[in-house]
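These features come from TrEMBL:
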TRANSMEM  50-69  transmembrane segment
TRANSMEM  81-100  transmembrane segment
TRANSMEM  112-138  transmembrane segment
TRANSMEM  144-171  transmembrane segment
Amino acid sequence: MKTREITLSALMIALLAICSQLSIPIGPIPITLQTFAVLLIGMLMPTKNALIVTSAYLAIGLIGFPVFANGSGGLQSLLSPAFGFAIGFIPAASIMASILHKYEKPSLFQYLIASFFATLVLYVIGLLYMTFILNVILNTDLSAMQIFSIGMLPFIPGDIAKAFFSAIIALKLRAPLQKSIKLSF
């Protein structure tokens with residue numbers, strides 16, 4: 001990795017950490033701008049870099065730095081029903097980056113399609129993890145529909161908005177980043 005790539009990666013980790021702190025607590029999963037940051041990471045970085053950035057963010061949080069939602073961090077985060085969504089950041093950003101890698105200049109539509117797949121990955125991993133924590137670890141015996149209504153339904157409108165706004169920003173930033181940093185997508 002070149003110095004400029006490392007700098008951009010550090011900035012993306014910082015963006016993700018900051019977006020994690022901007023939250024509205026509702027139920028077991030707060031509404032944050034984390035998804036917005038993860039989508040931008042997947043849109044603006046090559047696959048390898050997106051993987052490194054999201055993995056580093058998770059590692060930083062798990063070793064105890066308060067970078068997760070609501071200023072949390074540490075190994076106890078593994079027991080949060082919402083932690084599966086953080087785990088999903090890694091494949092979501094990587095999949096998005098690999099989808100967009102196929103296009104030299106992705107269109108708004110291509111960004112939105114990639115966002116859809118990335119968000120789908122986040123939901124699948126997040127909901128499976130939430131089901132495990134709530135039903136196995138905490139023994140709550142919630143149905144799949146209850147988990148779905150807690151962990152997905154309230155977030156769909158916001159996730160659509162985050163996908164749209166991150167795509168608009170990426171349309172403006174991707175070409176200048178490629179040119180100035182010479183990222184190979």
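Cβ coordinates are placed from backbone N, Cα and C, and glycine is handled just like the others.
Automatic, uncurated: that is what TrEMBL annotation is.
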For the transmembrane segment (50-69): best-contacting stretch of 81-100, 112-138, 144-171, by Cβ pairs under 8 Å: 81-100
Folded-back contacts onto the transmembrane segment (144-171), same chain, C-beta under 8 angstroms, at least six residues removed: 26-29, 31, 33, 35-36, 39-40, 43-44, 81-82, 106, 108, 111-112, 115-116, 119, 123, 126-127, 130-131, 134
